[in-house]
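Look at Swiss-Prot and you will find 23, 24, 25, 26, 38, 39, 62, 63, 65, 66, 121, 122, 169, 170 tagged as (2R)-3-phosphoglycerate binding site. Feature annotation from Swiss-Prot assigns ADP binding site to 213, 237, 342. Here Swiss-Prot flags 213, 218, 237, 337, 339, 342 as CDP binding site. For 214, 219, 238, 312, 343, 374, 375, the entry in Swiss-Prot reads ATP binding site. For 214, 215, 219, 238, 312, 343, the entry in Swiss-Prot reads AMP binding site. Look at Swiss-Prot and you will find 214, 218, 374 tagged as Mg(2+) binding site.
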């Protein structure tokens, strides 16, 4: 799966065509109030472009929450339609279903330039391919009904645009089942693919990956895929303790230790040696007597280790200095996973200092990519998203891409 050769919306002529766009409007709601509209704002450039290029109609489809294949009022996209209308400054027609004769007829006879938002795709089991039965167990959707669902979605457009990167790792009907001749990436997906291609297909070297997070076993595929591509690797966050204890027998007290992950540490280091990859680990720690915001704060280095009853929740200044030096040498930096428990202020300094270095690197012209999930939350928390080259919008999708997996939603797009 090449990331750099997919059709994008700019490659298409959408004039007088019905443009069917899979967006990600999975926004947090408090009742019917949207508490964060960022995902809607992110989709606006693609929607506006289709309208500027004189598309006949723009049909938007999305999921919201996990209604498990049935209609659940609190997951209706009706409040989202009002917000899209407000942001676009243009009327948005909300339809109470996403497939079926009524929807098909409405779209067929829509006014020129009309924007239509369909109801939640996941109200139908055919979107995800399964639903939950009364006993909470998965029930597979009927294959014929899935085919009909996909046919009905396909009938709503002349061209298909995917701008929902966060769902690209799911082989859902709206991601892979629309059978139109031209299927292209919207601006959001295009940017994701461009930046991940810069890292994974043709990085400017030296290439550094910063990998944090809790468990080695959760990140092992990621480490495995990247170790053959990078020049240096910083391993930080909770999973560093498994490396420190296994490799150097550092006393880690009650810090996180991943027994399963420990079995793979030797293998990782062997691969690093084989590919001539410099591996950087923390050397000092900010410690806590419990996993809590109000924990007592301590400090430990590799020499004395972390005492029993205490746990490392962040890295210390010496570690940050090592990270800084490694970041300074790199030209492409990919970061996935925080350096400490940034949710607690007393244990956020290591992550914040690493972020400051990453911002400085990006501002000096280096490519800095934040790989979604918690690290994207960190960038948002400190308001620096626009100071980095790219902050991915896909948690699971970016992780799978970095693990070397094909994303069904990307594979389904037409190639140039």
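Using N, Cα and C of the backbone, Cβ positions are placed for all residues, glycine too.
Locations of recorded Swiss-Prot features on the structure.
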| residue | record | DSSP class |
| --- | --- | --- |
| 25 | (2R)-3-phosphoglycerate binding site | coil |
| 38 | (2R)-3-phosphoglycerate binding site | helix |
| 169 | (2R)-3-phosphoglycerate binding site | coil |
| 213 | ADP binding site | coil |
| 218 | CDP binding site | helix |
| 339 | CDP binding site | coil |
| 374 | ATP binding site | helix |
Cβ contacts of residue 65 ((2R)-3-phosphoglycerate binding site) (under 8 Å, same chain, 6 or more positions away): 26, 72, 74, 75, 120, 122
Inter-residue C-alpha distance, residue 343 (ATP binding site) and residue 237 (ADP binding site) (nearest angstrom): 13
Minimum Cα separation from residue 337 (CDP binding site), reported as the residue among binding-site residues 23, 121, 237, 238 that achieves it: 237
Non-site residues, in chain order, whose CB comes within 8 A of the mean position of the CB atoms of 213, 237, 342 at ADP: 212, 214, 236, 238, 337, 338, 339, 340, 341, 351, 374, 375
Alpha-carbon spacing, residue 62 ((2R)-3-phosphoglycerate binding site) to residue 214 (ATP binding site), which is rounded to whole Å: 32
Span of 23, 24, 25, 26, 38, 39, 62, 63, 65, 66, 121, 122, 169, 170 around (2R)-3-phosphoglycerate - largest C-alpha separation, Å: 21
Rounded inter-Cα distance in Å - residue 121 ((2R)-3-phosphoglycerate binding site), residue 218 (CDP binding site): 30
Neighbours of residue 219 (ATP binding site) among the binding-site residues 23, 237, 339, 342 (Cα to Cα, within 10 Å): none
Pairwise Cα distance for residue 23 ((2R)-3-phosphoglycerate binding site)/residue 374 (ATP binding site) [Å, integer]: 22
Residue 213 (ADP binding site) to residue 25 ((2R)-3-phosphoglycerate binding site) - Cα separation in whole Å: 27
Integer Å distance between the CA atoms belonging to residue 237 (ADP binding site) and residue 214 (ATP binding site): 6
